[in-house]
């Protein structure tokens, strides 16, 4: 009679356990999944719409899953999609009526929430969670909001004792823009700039002042740019001031504004008193 080896008795139980585990993981392919978000920050423009996309790492369906987008903490809900429909009960007041779900590719594990009419206050971190039964995974997204400000306006006045004063104003920027004054030779001109933030919109307005010397009054350029946007996208905003003070009491402001590839020209007259 052949003797049974002690280890042989455990082989059937090991085989059964292995088959059971295989059945658990291969039933619908979703028992162990990973959610991915964009690898880089997303850029959104104030007043426009922006999607926050997330997807499963494997090409498997997210149908039947609960999909949730929130801000810094789970209770700060941006949008929830559950049981095939949008759920608004938990949504933050700030996002009421401003979000929509894009599930056109949910069958292949992709979904997105669109934020409509982006504001400065949408800037920051987001999280998306895909949940099925007790399994869930989440990804983090970063949204950078940029505000394109208005074309700069230049006003020139004669301050009597301090000579000519040029003011460059603009509003609607985010974050704080960069302001640069140049003379006609392309040399920088020292300026005093002030920024203010609107409590209601979070957008930045600016007032930049120069008191040009005689060598600079032939012309000035005030340039304003957004640090988040390339020149070719935001446009280069400039206003050129030409002042004639050689014994005359009047002059012309020639204003040229270049924005998004277009040139706008206007002129107006002003009076200065020349000693």
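Easy rule for this one: first residue shown is 1, then count along the chain.
For all residues, glycine too, the Cβ spot is worked out from N, Cα and C.
Since the structure is predicted, the reported quantities are computational estimates derived from the model, not experimental observations.
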Candidates 102, 123; Swiss-Prot annotation N-linked glycosylation site sits on 123
I'm validating the feature mapping. Which of 195-211, 212-228, 229-245 is tagged transmembrane segment in Swiss-Prot? 195-211
Using DSSP with the three-state reduction, classify residue 123 (N-linked glycosylation site) as helix, strand or coil. coil
Taking helix as H, G and I and strand as E and B in DSSP, count the residues of the domain 'Ig-like V-type' (30-140) in helix, strand and coil. 9 helix, 53 strand, 49 coil
Cα of residue 59 (N-linked glycosylation site) to Cα of residue 123 (N-linked glycosylation site): how many Å, rounded? 30
